[in-house]
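Features from TrEMBL:
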DOMAIN    1-102  domain 'Thioredoxin'
SITE      Asp21  site 'Deprotonates C-terminal active site Cys'
ACT_SITE  Cys27  active site, nucleophile
DISULFID  Cys27-Cys30  disulfide bond
SITE      Gly28  site 'Contributes to redox potential value'
SITE      Pro29  site 'Contributes to redox potential value'
ACT_SITE  Cys30  active site, nucleophile
Amino acid sequence: MEIINANQFEQYMKEDAVLVDFFATWCGPCKMLSPVLESAAKTLEGKVKIVKVDVDQSPDLAQRFKVMAVPTMILFKNGQQVTAFSGYMPEEQLVARIESAL
């Protein structure tokens, strides 16, 4: 799964639907969520692109979207924020929340 910076972020906003996972390398729940996101990316292939933003490497993006805790996932559709949720969740719940917002 690709970790993107601010420049790449703008490119991804041109996609139909993108889930951005704001994470930190020191965050336990973020590490637990990583394989869930990998699996969800396969399940949602063709519907949603999933990318990651390291809040320590790209604090400007975290501030821009008011990310106060990690992990925080924000779903964008056609460049617009559609929904956001924080914390670990199992794949079934994550996929259901994404699909319901599309």
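Backbone N, Cα and C define each Cβ position, glycine as well.
Nobody curates TrEMBL annotations by hand; they come from automatic prediction.
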Around Cys30 (disulfide bond), how many other C-beta atoms are within 10 angstroms of its C-beta?
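Total other Cβ atoms inside 10 Å, all chains included: 22.
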What average pLDDT does the predicted model assign to the domain 'Thioredoxin' (1-102)?
95
In terms of Cα spacing, which of the recorded positions Cys27, Pro29, Cys30 are within 10 angstroms of Asp21 (site 'Deprotonates C-terminal active site Cys')?
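Hits: Cys30.
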Radius 10 Å, atoms counted are CB only; among the recorded positions Cys27, Gly28, which position scores highest?
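Checking each of Cys27, Gly28, the winner is Cys27.
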